Amino acid sequence: MQIFDSVQKTKVTFEPIREGEASIYVCGPTVYDDAHLGHARSSLAFDLLSRTLKALGYKVIMAKNFTDIDDKIIKKVEETGKSMQEITSYYIQRYLDEMEQLGVQRADIEPKATESLDAIEQMIQTLIDKDFAYVVSNGDVYFDTSKDSHYGDISHKVSDDDTQSRVEHNSEKRNPRDFALWKACKGEEDICFGAPFSSGRPGWHIECSAMIEKYFKGNGQYSIDIHGGGADLLFPHHENEAAQSRCATGHELAKYWMHNGFVQINGEKMSKSLGNSFFLKDALEVYGGEVLRYYLNSVHYRNDFNFNEEDLQTAKKRLDKLYRLKKRVLPGKASTVNKAFKQALLNAMSDDLNISIALAVIDEMIAETNEKLDTDPKNKALKKETIANIEFIDTLLGFGGKEPFSYFQIGVDEALKEKIEILLQERTEAKKAKDFATSDAIRNELIDMGISIMDTAEGTVWEKA
């Protein structure tokens, strides 16, 4: 498999540190608010990576962390009066529920910073003992970037007046680029944890480094195969992670670094300051998880994604075609996936997750199958193979797994659903009474509402026309 390594800035052949296995760590959310589309895109990108590696026969071990100690969380505590655990537990569950709606497979390991404090403190102490970190008078602990000759190798963009120096103010820092490993308590009201250096809390960067060392064994040269996250994390977060781990362990953190592009809303970078931050929960309510998954994955993961209604509707129409084909070949059981079709999809996804080619392969399969069914509508072998093809799409890409009528009900609000069910019940009763005039009138009323119905052995099903 070919993947794009952000450090080498080129596509490389994936060669795992342990034969047949793939270890992946993805930076998860800071859990103080609802997830936005940027969180969704990152999760979907690395879900595709995990699914592809599994389809290629690798045993994948993926970790995605939750940052549940952070200044933003503490601010939320102050604003709401709720405990830190109440806030973080609530938003972690919200995030997991929304990822499930998107079809994102759960990570094998979901570490929290609060559950990794021993590992964090141990790594900080190791860095102090090795003279890569220093404690200042107020109890803060800083990483000394001047001691790491490879600092800057990950992002290739380090300078003395970087973002770090503007964010972390302390006159006792030895270098502007030095960053906090541990932040001492600021007062009695602060949320703090005991440690040998001072009572305080960990810095953001050290949390990920320590959790990786806690849960992954590595091979003595690298701790994990792939470290992933959004492009905005490349510097300073991933640069700092790499430096800490390198100096604490004596080997590199990750063999490969992968990053997904930004999300824009109608051509502007999504951000809370611009007031165009789109919460994932709102998008899920309007479009449903599967349509959103298809759309957010329809652009290559490394490219910036411009979220707009027109492109979303175009993506939905492509997904609709798959479900219309599925409706055409059901009911029935799958046979064996078409070998050429399966290989074409695997070839596309093995080329650094080339989703555009993969979707084109699917579109071609849909068109060719429909053409064959037009000629031979009762071709059972073709129908069984098509069911298998769609099941493989669902396994590899995470869409196509719903029942067609369930899929085509997405976007219908609950009030309208309730009205439809009432009308269908009235129609059933009319048919039992052989009142076909009323039955036909109800069908026509539903058609006028934009709803089509089909009578099956299991009962009447409906969908948006």
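Any Cβ shown, glycine's included, is placed from N, Cα and C.
DSSP gives His237 (Zn(2+) binding site) a helix state. Summarising the annotation, Swiss-Prot assigns Zn(2+) binding site to Cys27, Cys208, His237, Glu241.
Mean predicted confidence for the motif ''HIGH' region' (29-39): the pLDDT average there is 95. The feature motif ''HIGH' region' is assigned by Swiss-Prot to 29-39.
What Swiss-Prot lists as region 'Disordered' is 153-173.
Swiss-Prot lists 269-273 with the feature motif ''KMSKS' region'.
The feature ATP binding site is assigned by Swiss-Prot to Lys272.
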Name the residue among the binding-site residues Cys27, Cys208 whose Cβ has the smallest number of other Cβ atoms within 10 Å. Cys27
Those same-chain residues, other than Cys27, Cys208, His237, Glu241, found with Cβ within 8 Å of the centroid of the Zn(2+)-site Cβ atoms are Trp204, His205, Glu207, Ser209, His227, Gly229, Leu233, His238, Asn240
Assigned conformation of Cys208 (Zn(2+) binding site) - DSSP reduced to three states: helix
Tell me whether Cys27 (Zn(2+) binding site) sits in a helix, a strand or coil according to DSSP. coil
For the binding-site residues listed (His237, Glu241), most other Cβ atoms within 10 Å of the Cβ sits at Glu241
